[in-house]
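*Asks:* The structure is given below, and queries will be raised subsequently.
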Amino acid sequence: MIEDTMTLLSLLGRIMRYFLLRPETLFLLCISLALWSYFFHTDEVKTIVKSSRDAVKMVKGKVAEIMQNDRLGGLDVLEAEFSKTWEFKNHNVAVYSIQGRRDHMEDRFEVLTDLANKTHPSIFGIFDGHGGETAAEYVKSRLPEALKQHLQDYEKDKENSVLSYQTILEQQILSIDREMLEKLTVSYDEAGTTCLIALLSDKDLTVANVGDSRGVLCDKDGNAIPLSHDHKPYQLKERKRIKRAGGFISFNGSWRVQGILAMSRSLGDYPLKNLNVVIPDPDILTFDLDKLQPEFMILASDGLWDAFSNEEAVRFIKERLDEPHFGAKSIVLQSFYRGCPDNITVMVVKFRNSSKTEEQ
């Protein structure tokens with residue numbers, strides 16, 4: 001009886017080895033496991049895949065940083081992958097901008113200074129377009145110049161004026177939006193743009209923001225001080241305003257107004273402006289330079305902020321202020337290699353009280 005049982009088990013073992021160890025059987029087993037994981041454990045699989053992608057991004061970022069610090073030409077190797085780049089350097093301000101992985105470049109920037117005569121405060125602007133480049137180009141080519149003219153008039157008779165930097169900024173931003181909407185509506189152009197403007201005088205820094213471009217300042221202690229706050233649909237104040245206007249927000253990778261726009265305020269975007277769910281009203285803040293004694297500020301499109309936190313960006317730039325672009329070029333390249341899919345524009349402005357800053 002025992003011998004018969006052993007013989008039967010031995011026979012079953014040989015049969016199982018014959019079938020289970022065949023290549024086609026192993027292949028079918030792998031396919032079955034993959035299908036079972038996909039249909040019954042989708043979330044777990046997605047988590048593993050996302051973690052793997054994040055790990056790859058981190059490794060690529062580390063490689064990029066090593067190459068960026070390589071004085072033997074590492075940056076030139078990286079730049080070969082960019083379809084288009086723009087750069088600017090003058091006195092205490094430097095800008096670096098790349099098209100990156102996008103098919104079109106919709107970022108714009110502008111710098112207007114009069115360091116010799118000081119007929120107006122220095123004007124720095126970042127404009128991150130969407131739905132085409134029309135809106136960003138329109139605002140970039142008109143708003144800074146309009147601000148310059150009004151600020152020059154204001155400086156001539158400041159003591160007797162009822163205006164201020166804040167009121168001039170608000171008036172001109174709203175005016176340029178109305179003017180642009182008329183033209184975009186006629187041509188059925190649905191383009192829009194953010195608007196981040198900083199006015200730098202001897203004692204004050206005034207920053208106006210519409211959208212999700214962002215400004216951050218490094219104070220005397222190395223702290224990251226926010227100069228603006230992103231206008232996002234998920235924010236309670238913005239969400240309530242959109243709901244009161246009869247609109248809605250929905251999630252499609254990110255929270256969007258009417259399921260379309262990933263910011264709650266912008267210039268342009270005439271279809272959403274007609275519904276009153278997106279507005280052009282800027283938030284404006286003024287900072288006392290004597291109190292903060294800042295070293296530098298960063299103004300950038302959201303391509304940077306998708307890859308860096310405020311604090312991380314300040315630390316990164318602080319370590320690279322001696323570079324030709326004050327670290328702007330390096331942080332743009334690092335953002336690209338962290339996987340940012342967007343256009344990336346970074347402006348770094350060094351303040352005159354910094355020991356490393358050229359005379360403003």
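Quick reminder: no glycine exception, Cβ is built from N, Cα and C everywhere.
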*Asks:* In Swiss-Prot, Asp302, Asp342 are given as binding Mn(2+) 2, so which of Asp114, Asp128, Asp153 is in that site too?
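*Replies:* When Swiss-Prot describes the Mn(2+) 2 site, the candidate it includes is Asp128.
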*Asks:* Pick from Asp128, Asp302, Asp342: which of these binding-site residues has the biggest number of other Cβ atoms within 10 Å of its Cβ?
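*Replies:* Counting Cβ neighbours within 10 Å, the top one is Asp128.
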*Asks:* Could you state the whole-number distance in Å separating the C-alpha atoms of Asp342 (Mn(2+) 2 binding site) and Gly129 (Mn(2+) 1 binding site)?
*Replies:* 11
*Asks:* I'm trying to understand the geometry here, so how far is the Cα atom of Gly129 (Mn(2+) 1 binding site) from the Cα atom of Asp302 (Mn(2+) 2 binding site), in Å to the nearest whole number?
*Replies:* 11
